[in-house]
Amino acid sequence: MKKVFIRTFGCQMNEYDSDKMLAVLAEEHGGIEQVTQADEADIILFNTCSVREKAQEKVFSDLGRVRPLKEKNPGLIIGVAGCVASQEGENIIKRAPYVDVVFGPQTLHRLPKMIVDKETSGLSQVDISFPEIEKFDHLPPARVEGGAAFVSIMEGCSKYCSFCVVPYTRGEEFSRPLNDVLTEIANLAQQGVKEINLLGQNVNAYRGEMDDGEICDFATLLRIVHEIPGIERMRFTTSHPREFTDSIIECYRDLPKLVSHLHLPIQSGSDRVLSAMKRGYTALEYKSIIRKLRAIRPDLCLSSDFIVGFPGETEREFEQTLKLVKDIAFDLSFVFIYSPRPGTPAANLPDDTPHEEKVRRLEALNEVIEAETARINQTMVGTVQRCLVEGISKKDPDQLQARTANNRVVNFTGTPDMINQMIDLEITEAYTFSLRGKVVEA
């Protein structure tokens, strides 16, 4: 049985893609063993992300660490996948000729054939094309071990924000046909999955073709998934404010399985910065969406992404972001210091903000967000929350870990048969990033 080591960087789309890489290899070889140490593997894969600073150099650093394994065992297969693979392509082979296969997010289904071609020809294989929906046509049925699962409904992005590489590494937006998505979810439900997380770079741009040739939009998809037997909770990530329509907002009124948590990236509270980012909305328009959502779902918890130190961002503009965070009461959000991505328009903008100032802004924003997170957690003490038990607690092996509808981790004392089940927990203690609870006896 082939032993596979895979290291995944970046977003949930990459996590999903890594699972699919393992699935296609398992189908090809009649099963595989996933190992946690690279030196135990027959196949080593790095599924890369190009969002963070110096992503390319980190990949080559990782490759350098496994080079001695290749020298010791020439039959070892080393592969680079993901967005850095899409950006760098043949350059990876030039810099690291011991790499065997390089493939992008849209060609991971071709991985087994690429390995065979490498072993047959002796030549490294590179495939970073964008064959669109073909990828999903060639993936094996989903197999899961858990109560929650991701389902990719679309890929790519056509927004071309000035700082972002996604359109260049994952291609333009394309949606899976409606029936393909529903079949995968129904299959997961039959395997005991209770929570579905619909996945895409911009899920609310979903436009899936139906059998009759008509187009299903994202709000309609949510309503259909809501009725699939066995599915008890629905999430989605990530969405874009530009296409967060009233029909999607109304789903929060009508669909009780849709959780009271939304991740809706805004990036900045300054209209000038938003314009320079080419985000396509103003801070006021974003606030209008949130106002409508909270009018029909008052308990909605909102998380977001923020970039500080974008080229030209002034202290006043940063203060506008700080005020927006306080006004909307964001929690559980992600704050990043801007770093230029090669090939993006923003990379050409003059950046005169000292790094020390960017760090100060990062810390100031995180302080406000963490305070709000702690406040919300404290309000949950004494309440009973319906939770999905995910497994053994990461903090204490004698405890279990569950997740609330509003995306809080709850550690509690329970029994193994509770794993992957929905249970009621009374929240007894609150911390900044987690909760403690106890089982509510029936």
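Backbone N, Cα and C atoms are what each Cβ position is placed from, and that goes for glycine too.
Taken from Swiss-Prot, the feature [4Fe-4S] cluster 1 binding site applies to Cys11, Cys49, Cys83. What Swiss-Prot lists as [4Fe-4S] cluster 2 binding site is Cys157, Cys161, Cys164. The domain 'MTTase N-terminal' annotation in Swiss-Prot covers 2-120. Annotation source Swiss-Prot lists domain 'Radical SAM core' at 143-375. The domain 'TRAM' annotation in Swiss-Prot covers 378-441.
Mapped onto this structure are the features recorded in Swiss-Prot.
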residue: Cys11; record: [4Fe-4S] cluster 1 binding site; Cβ neighbours (10 Å): 18
residue: Cys49; record: [4Fe-4S] cluster 1 binding site; Cβ neighbours (10 Å): 19
residue: Cys83; record: [4Fe-4S] cluster 1 binding site; Cβ neighbours (10 Å): 27
residue: Cys157; record: [4Fe-4S] cluster 2 binding site; Cβ neighbours (10 Å): 23
residue: Cys161; record: [4Fe-4S] cluster 2 binding site; Cβ neighbours (10 Å): 21
residue: Cys164; record: [4Fe-4S] cluster 2 binding site; Cβ neighbours (10 Å): 22
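Note: the Cα of Cys161 ([4Fe-4S] cluster 2 binding site) and the Cα of Cys83 ([4Fe-4S] cluster 1 binding site) are spaced 16 Å from each other. Each residue of the domain 'TRAM' (378-441) gets a DSSP state, and the totals for helix, strand and coil are 5 helix, 32 strand, 27 coil. Averaged over the domain 'TRAM' (378-441), the predicted model has a pLDDT of 95. Assigned with DSSP, the residues of the domain 'MTTase N-terminal' (2-120) fall into helix, strand and coil as follows: 68 helix, 24 strand, 27 coil. Rounded to the nearest whole angstrom, the C-alpha distance between Cys83 ([4Fe-4S] cluster 1 binding site) and Cys157 ([4Fe-4S] cluster 2 binding site) is 13. Cys164 ([4Fe-4S] cluster 2 binding site) and Cys49 ([4Fe-4S] cluster 1 binding site) have their C-alpha atoms 12 Å apart, to the nearest angstrom. Cys157 ([4Fe-4S] cluster 2 binding site) sits 15 Å from Cys49 ([4Fe-4S] cluster 1 binding site), counting Cα to Cα. Using the Cβ center of Cys157, Cys161, Cys164 for [4Fe-4S] cluster 2, the list of other same-chain residues with Cβ within 8 Å runs, in sequence order, Lys159, Tyr160, Phe163, Val165, Val166, Pro167, Gln201. In the three-state DSSP classification, Cys161 ([4Fe-4S] cluster 2 binding site) falls within coil.
Cβ atoms within 8 Å of the centroid of the Cβ atoms of Cys11, Cys49, Cys83 (the [4Fe-4S] cluster 1 site) belong to the same-chain residues Phe9, Gly10, Met13, Asn14, Thr48, Ser50, Val51, Gly82, Thr169, site residues excluded.
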